[in-house]
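Visitor: This structure is in structure tokens; I'll ask about it shortly.
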Amino acid sequence: MKVLAILYDGGQAAVDEPRLLGTVENQLGLRSYLESLGHEYTVSSSKEGPDSDFQKHIVDAEVLITTPFHPGYLTRDLIEKAKNLKLCVTAGVGSDHIDLNAAVDHKIQVLEVSGSNVVSVAEHVVMSILLLVRNFVPAHEMIERGDWQVSEIARNAFDLENKVVGTIGAGRIGYRVLQRLVPFDCKELLYYDYAPLPAEAQKAVGARRVEDLVEFVSQCDVVTVNCPLHEGTRNLVNTELLKHFKKGAWLVNTARGAICNKDAVAAALRSGQLSGYSGDVWNVQPAPKDHVWRTVKNSLGGGNGMVPHYSGTTLDAQARYASGVKTILANYLDHKPQDPANIIVGLGKYETRAYGQR
Ligand code: NAI
């Protein structure tokens, strides 16, 4: 069996730190396991264009392992060329880089390591909310510059207490964000999701569901995006929706870059419709050097908390998703059933309801 893994280059960091398992260097810790069973294991970061290792090796691979952090985009065209492909495994959570409808049509299974990094992301979301609301980044930059002008920072710094925070998507990550916000004594915690939370879970965090998206965003001081990217969420936060946000709201997106419209977000930040935008996901990854989200600021020179895609790839998360990938491979090789929570696309059908209402 040929297993192809598209991972990111870890460079010297991955040589020095073997727990960086999701890298080309450390290969999810799978090489000796797969080779001892007589399988071929090809690992590369080269993923763009017809000459990439990805496109060269996908034609005869049986299993493809990818990661959302350095996504190998498996389009319908490539799926049609991948005559041997039976299983796609996402090392992490979020399989939108795979054309899931095409995987359904071609009876290719798509699994991810559900839950493996949801705490990692939820912690990052809470941090991102705080750094925007409290105006942290410009304050730190001021210190590095050698300046000290408290009023310049304090003029746009607030408390999270008594603010309304809402999550688009209240699944594993969205719910964990709500749980972590409880001690901050927000005015209200809201959520927008076509799947209502179980009554007990909703009560435990004191959240209220708002069923209309426009009504939802118009009540929030902070909006955090925690739903998968699919046909129903691509470009969801666009110029029209941003008009309905409270003026000066903060927006945090650690779900997928393409859920928020790049130019609409930048324009809203410049105009003051948004006070801040923060997150770690980009519509193209790696993000081009001139991507507007790298540098766009609000009128006071702050409001940007963007980082590279790493919230779900802490060393703790990497240990969990590497071990999860191994379990999925072992189940596949031994013809054992997979954990149902990990199955996004089963044989010829979606097994999850999180990638849109069908
Ligand atoms: P989950 O499947 O547990 O929850 C997703 C929730 O979103 C579900 O409750 C679903 O009903 C809801 N949803 C789907 N479409 C929606 C829509 N149109 N409007 C409102 N809600 C909608 O997934 P989980 O584990 O919470 O992860 C969510 C997403 O976060 C992943 O799909 C991935 O894109 C992203 N993620 C990002 C990471 C990072 O490192 N930045 C790491 C892990 C996940």
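Just so you know, glycine gets a Cβ as well, placed from its N, Cα and C.
Just so you know, TrEMBL annotations are computer predictions that nobody has curated.
Pulled the feature table from TrEMBL, pasting it below:
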BINDING   V93, N117  substrate binding site
BINDING   R172, I173, D193, P228, L229, H230, E231, G232, T254, D280, H309, Y310, S311, G312  NAD(+) binding site
DOMAIN    36-335  domain 'D-isomer specific 2-hydroxyacid dehydrogenase catalytic'
DOMAIN    127-299  domain 'D-isomer specific 2-hydroxyacid dehydrogenase NAD-binding'
SITE      R256  site 'Important for catalytic activity'
SITE      H309  site 'Important for catalytic activity'
Visitor: Far apart in sequence but close in space: which same-chain residues, 6 or more away, have a Cβ under 8 Å from N117 (substrate binding site)?
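Guide: Spatial neighbours, sequence-distant, of N117 (substrate binding site): G92, V93, S311, G312, T313, T314, A317, R320, Y321.
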Visitor: List those of the binding-site residues N117, D193, E231 whose Cβ lies under 6 Å from any atom of ligand 1, in sequence order, or write none if there are none.
Guide: N117, D193
Visitor: Among R172, I173, D193, P228, L229, H230, E231, G232, T254, D280, H309, Y310, S311, G312, listed as contacts of NAD(+), what is the widest Cα spread in Å, to the nearest whole number?
Guide: 25
Visitor: Would you kindly give the Cα-Cα distance separating R256 (site 'Important for catalytic activity') and L229 (NAD(+) binding site), rounded to the nearest Å?
Guide: 6
Visitor: Work out how many Å separate D193 (NAD(+) binding site) and R256 (site 'Important for catalytic activity') at their Cα atoms, rounded off.
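Guide: With the alpha carbons as reference points, the distance is 16 Å.
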